[in-house]
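These notes are about the structure you will find just below.
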Amino acid sequence: MRFLTLFIIHLQRQLQTEMQYRTNLVVGLISQLTFTLLSVAFVGTFLKYGVSINGWSFWEMVFLFGMGDMTFGLSAIFVFRTFLIFDSRYIIEGQLDQLLVQPLHPLANLIFRNLDVTNLMVVLKGVLIVCIASGSLSLSWNFLKLTAFLVLTLGGALMYAGIYVFFCSLGFWWPRRTSFAWPILSLNYLTQYPLSIYPEGLQFFLSFIIPLGFAAFYPAQAFLGIHPGPRGYWIPFFVIPVAAALVWGVSWTVFRLGLDNYQSSGT
């Protein structure tokens with residue numbers, strides 16, 4: 001209950017702050033919609049004659065776009081800003097010292113202090129895209145299917161969050177790890193499309209080394225019941241939330257190890 005109260009307080013503060021810059025919100029929304037429309041148009045040029053890419057039709061790929069926006073947006077609300085600024089602001093500048101003397105766990109404190117409600121627009125955009133794709137795919141929704149979709153979406157968001165917290169935690173040992181943060185983020189764009197279109201080595205990397213495929217692709221594949229073909233991996237429904245919880249547990253452990261070895265910068 002305490003965590004929920006603190007979350008609501010910080011969320012209200014963030015909303016009040018963002019509402020002072022409404023133009024930025026509008027520009028951000030337009031940018032998000034433009035990027036998505038360009039991505040959909042790009043795919044449409046290849047699939048306009050009714051062909052599929054490794055078993056994925058046009059509207060199934062649009063569904064993947066939407067689900068990816070939902071899982072990324074949910075995770076980004078909580079951890080994306082922390083991921084980007086952790087080493088520079090909290091390790092190098094020493095602001096982590098302030099959190100260590102407060103009663104709230106440092107990771108929870110980091111998350112609450114760096115909520116990014118602007119990513120709620122990404123979530124809402126994803127919901128809209130999923131609804132449009134569902135209508136075009138003639139998906140019939142019921143309670144069980146909606147529950148399965150929510151479980152997969154939350155599992156994908158937790159996977160994103162776990163991966164970001166893991167790389168964020170590397171800042172305890174490598175304070176300049178932002179230099180490879182953006183390449184990690186760039187891998188997100190690869191998972192907007194079916195992993196089965198990539199070479200097997202890259203599929204393995206995005207599935208089991210840096211498992212970004214579990215954030216959107218495998219949830220969408222499991223939900224739509226698309227067979228991966230001989231070059232892809234089939235991940236059962238129940239494995240996805242389990243894998244997400246496992247990655248989050250590993251990330252939490254790495255963060256605690258880093259915290260135990262943390263030495264103040266003295267600034």
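Cβ atoms are placed via backbone N, Cα and C, with glycine included.
What TrEMBL lists as transmembrane segment is 21-46 (among others).
Per TrEMBL, transmembrane segment is recorded for 58-80 (among others). Listed as Cβ neighbours of the transmembrane segment (58-80) (distance under 8 Å, sequence separation of 6 or more from its ends, same chain) are residues 36, 39-40, 43-44, 47-48, 52, 111, 114-117, 119-134, 136-137, 152-154, 156-161, 164-165, 168, 188, 191-194, 215-217, 219-220, 223-224, 226.
Within its own chain, the transmembrane segment (122-143) is flanked in space by residues 29, 32-33, 36, 59-60, 62-63, 65-74, 76-77, 224, which lie at least six positions past its ends and keep a Cβ under 8 Å from the stretch. Summarising the annotation, TrEMBL assigns transmembrane segment to 122-143 (among others).
For 149-173 (among others), the entry in TrEMBL reads transmembrane segment. Away from its own ends, the transmembrane segment (149-173) comes close to residues 67-68, 70-72, 74-76, 78-80, 82-83, 86-87, 90-91, 107, 181, 184, 210-212, 214-216, 219-220, 222-223, 237, 240-241, 243-245, 247-252, 254-255, 257-259, 261-262 of its chain (Cβ-Cβ under 8 Å, at least six residues beyond either end).
Among the features that TrEMBL reports, transmembrane segment is placed at 204-226 (among others). Among residues of the same chain six or more beyond the transmembrane segment (204-226), those with a C-beta under 8 A of the stretch's C-beta atoms are 55-56, 60, 63-64, 67-68, 71-72, 75, 137, 148-149, 152-153, 155-157, 159-160, 163, 184, 187-188, 190-192, 194-195, 198, 233-237, 240, 243-244, 247.
Only residues 6 or more beyond the boundaries of the transmembrane segment (233-255), in the same chain, are considered here, and those with a CB under 8 A from a CB of the stretch are 107, 148, 151-152, 154-156, 158-159, 161-163, 165-166, 168-170, 195, 203, 207, 211, 214, 218-219, 221-223, 227. Taken from TrEMBL, the feature transmembrane segment covers 233-255 (among others).
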